[in-house]
């Protein structure tokens, strides 16, 4: 009697076979992000049961909110500035000492985004958040509802705001971004807000709207205001104004824990290292031992992953790119009753998107200096994720750095997408196409 042949499949394939897809858009998004997330989770030694748990979460709660898949004829239905080519999602790998964590971030999008049914992409963000809140036991609405009230556009103002819309503005003005940390204990959700549309409505500068939305609610944010004041003082300084450094986003942990983080993001279009370092230290306002060590390590990492010669002037900007969000970002973690913001720099390695080898080499040199991070072969990690038959299938978008007694580095990845003919997205028996 012959033994039946086993038909084994990977976790992301098993989920697809068991549940199918609502439409071809979801099928194609899963073909891109399903195997990528599975590889990341396996590389980070997540138990198989936890891999299924997190893949199932992405499948049910994020996949339906990635929007229409790009077509050959029309590209993206809602093209954001979230990545250089408009892809609305990315994955990331965080190295916190020897601990490694997988993450996924995306702009919530639907077929109605940009239409009269959802002109600012707000309704889909609310729908997504309701879905997440119904699943995550520690989700809290307090901060989210506050920022919806202060940042979202009320329906009566829609026509006025659209009439004032500048060219290319929709790509820049992402009303909401959703971040998810895939942790051992579950999923941590981090909504992101900006005030660009609200600035169009009110005529108030968007960075002022961001700071005011926090400062004006002492009931929710009183414990965070001393740290916020340090950031505001820097933004009002002559140096920050000279470098055109301004507030651009805010984010937070949507959890009920008492030490939930509030994050404020600054953006600078001028990419000379000295300007980034100035923001990292908030013009010298931050000078504790972590900052002093962090500055030294930041410079090494910046020069390594951007493949800059050691004598490249710190006062010279990097080459311009066609990325609408070109420049750098720094976010500052604010914790309750802690007057010291904790900075994290986003290094814009996407300017070297044709030179992934230098980025990989620069990261490995950094990891080799910090053996406690336990990254012996970063090239193998990157090639496992993004090398198919010797052809790269993704790029590094950002590398982030902070220092908290040890280096804290995150690699953000954008997979390549292949647009399909529109006819391939026509409705049919989609569930039968779930392999």
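Cβ coordinates come from backbone N, Cα and C, glycine included.
Because the structure is a prediction, the values reported are computed rather than measured.
Residues or ranges marked as L-tryptophan binding site by Swiss-Prot on the basis of similarity to another entry: 81, 82, 90. Within the same chain, residues at least six positions away from residue 90 (L-tryptophan binding site) with a Cβ under 8 Å of its Cβ are 82, 83, 104, 105, 106, 397, 412, 413, 414, 415.
Around residue 413 (substrate binding site), taking its Cβ as the centre, 19 other Cβ atoms fall within 10 Å, counting all chains. In this structure, residue 413 (substrate binding site) is part of a beta strand by DSSP. Per Swiss-Prot, the feature substrate binding site maps to 103, 190, 261, 263, 265, 346, 413; the stated evidence is similarity to another entry.
Residue 90 (L-tryptophan binding site) falls within a strand segment according to DSSP. Each of the binding-site residues 82, 265 was scored by the other Cβ atoms within 10 Å of its Cβ; the lowest score goes to 265.
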